[in-house]
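Note sheet for the following structure.
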Amino acid sequence: MESAKRRINHITQNLIGVNDVSSDGSNQDTSSQSSGVLEITKTFDTDSLNRYLFPYNRDMRKKLLEVWRSEPLLTQPTFGLSLKEERELSVIQFKRLLSLAKENISIWDIMNDPKKVAAFTQCYRLKNIATSTLFGVHYSLFGSSILFLGSDEQRNYYLPKVENLDLMGCFALTELGHGSNVQAIETIAEYDHSKEEFVLNSPTITSQKYFIGGAAKNANFSVVFAQLKVGEKMEGVHAFIVKIRDDSGRPTTGVKIGDCGHKMALNGVDNGRLMFNNVRIPRESLLSRYGGVNKAGIYSSPINPAIKRFAHNIGALVFGRYIVSLGSVSFSSVALGVSLRYAFSRKQFFGDDSNAQEKQLITYATHQKRLIPHLANTYAVHFGNEYFIHLLAEKDKKNDKEIHIVASALKSYASWATRDCLQDARECCGGQGFLSENLIGIFKSETEIYTTFEGDNVLLYQQVAKFILSEARRKPVPEFTVQSDSQKKQCDRKYLTSFEFLTTAMNNRLYQNIAYVTDKLTEAIGNGKSVMDAWNDSGNIILRLGIAYSEKFILDKFINGVVNCPDSTAQSVMTLLVSLYGLNIIEKDNWFLRYNYISTDQSEAIYQLIPELCKEIVPHSVSLVDALGFDGNELGATISGDWIEKNKY
């Protein structure tokens, strides 16, 4: 009976106007309508919220945004260009982006002032993502590898050349036969003491460096990761600076370079293949901050054993993962801005009112539920990113493990969330979403690789889970507990949307997953399985643990960000987003019902609440996107503005 009453209630709510939320959190019908049409209005101070969301380096941001608006070169798309033309334009744009970086930031800022680099990245308004990818490879991978792994002498010699483009670098880690399993790469660098040189070799076809951005045509130097051999001892994976092209652009002696060819997207990036045949490089080419070979031919390192050195030697990837998460927020923001504006202006099918007007797409419950949860996800990831950059900016290096795990969690969660957001936004715009000029489709294709590079998401989530399990051994988590019988009877909105209900639910899901995975691994090993086999057989529940931690972490940071917002109106609107974000997780994961954490009545109530929240957020949706700083119309997406006028013959 109670469920039936809730359904009737839900139908009634959908028959009346879109609800708004006042500053005190109460529901009231204040949507801006003219002759039954829901208009886009500014429902709170978007500039104020933007300053809260992006509080640092405001002067630099303002200056950079003016540059983007005044230089057509930077926003020129690659639509319709040949592979050769697309690559040429991307390099020209990359060089301009690098000159902007030189005017505003330094590679040293990745270490000393990461917020400044983050602010620079958040100002991108590119239509050609290959441009920022080339920049990221040269600056954030090649450059930061030297920054984090190089000696003081190597830093002082190479970093100015990176910033001035006296050399163009790439990052050769992945091999044809080894991507995620970096410790097993086959490229070998053997030290020849008689000549004080390393001899670099690719001993097998599968050992060739593969899918290396910038390698096919443009880069003349590379950071190459290889197994270091000194004497008869293997010292693990190390990084070397290798010149792969001479001054005329030809491969250097012993280096073979191939082109990976045309891709489904990002064709402005010249991904290539590298093989090495007795390539000799000076002893000083080994990036030696964490291990080097002296003139006597003796290897030494301040970090032992080799497995610990390995973690430091791939540390450059951590900042790259964060950049992926930043980019995910940006691309989701653009896609949502375009699709929401279009949904307000595009009409389809007649309503039953006396004026017989066609209904706006945004008034359809199905349309709202396809788009608005992605807006909540985008804000949630943003606040997770903000926590990470504050963590990275701290000088206390005792938080290195947390930095690594948070970066992995954010990259995985954000890239999958953006993939889904762009897909739904594309579909919600119909054929218009398929047009390149409206950006969503092209961004969808170009960001597909985000789920793969800087680490496969499934494996990154497993890294997160491994950390959580080791922390739980050190400091056991509370036992999993379900709600009390009286709590399970609470199906009202106030209770189910409360921060306490949402955080307690996420905490208990995490606690149960930790205990469950621990028990399964212990049982498997106790039955004689190797640790690797036990881990592999439990892969699906380990993945689930990594996701459970990531969603709990992001919800916590989302709540903290909203609670501290000084603008009460914007805070009330973002509170709706928090509730939607948390309830959406609960609805999608059958764990909450399977383990009897919520009652079936609560599950039904949540099912009804989610579209209600989406409907209430709709009037604020464009303002929320505007506060993120992206204007799809300014970027040139036709359907963000007066698409009828623009389609006149």
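Each residue, glycine too, has its Cβ placed from N, Cα and C.
Given the structure is predicted, the values throughout are model-derived calculations rather than measurements.
Annotated in TrEMBL:
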- 60-166: domain 'Acyl-coenzyme A oxidase N-terminal' (DOMAIN)
- 170-279: domain 'Acyl-CoA oxidase/dehydrogenase middle' (DOMAIN)
- T174, G213: FAD binding site (BINDING)
- 315-469: domain 'Acyl-CoA oxidase C-alpha1' (DOMAIN)
- E454: active site, proton acceptor (ACT_SITE)
- 499-639: domain 'Acyl-CoA oxidase C-terminal' (DOMAIN)
Test of understanding: give the count of other CB atoms lying within 10 angstroms of the CB of T174 (FAD binding site).
19
Counting by DSSP, what is the helix, strand and coil composition of the domain 'Acyl-coenzyme A oxidase N-terminal' (60-166)?
84 helix, 0 strand, 23 coil
Packing count at G213 (FAD binding site) (other Cβ atoms within 10 Å of its Cβ):
27
Just counting, how many other CB atoms are there within 10 A of the CB of E454 (active site, proton acceptor)?
26
Nearest-integer angstrom distance between the alpha carbons (Cα) of T174 (FAD binding site) and E454 (active site, proton acceptor):
10
Separation of alpha carbons, E454 (active site, proton acceptor) and G213 (FAD binding site) (Å):
12
Compute the average pLDDT of the predicted model within the domain 'Acyl-CoA oxidase C-alpha1' (315-469).
92
Residue counts (helix, strand, coil, in that order) that DSSP gives for the domain 'Acyl-CoA oxidase/dehydrogenase middle' (170-279):
6 helix, 52 strand, 52 coil
DSSP-derived helix, strand and coil totals, residue by residue, for the domain 'Acyl-CoA oxidase C-terminal' (499-639):
115 helix, 0 strand, 26 coil
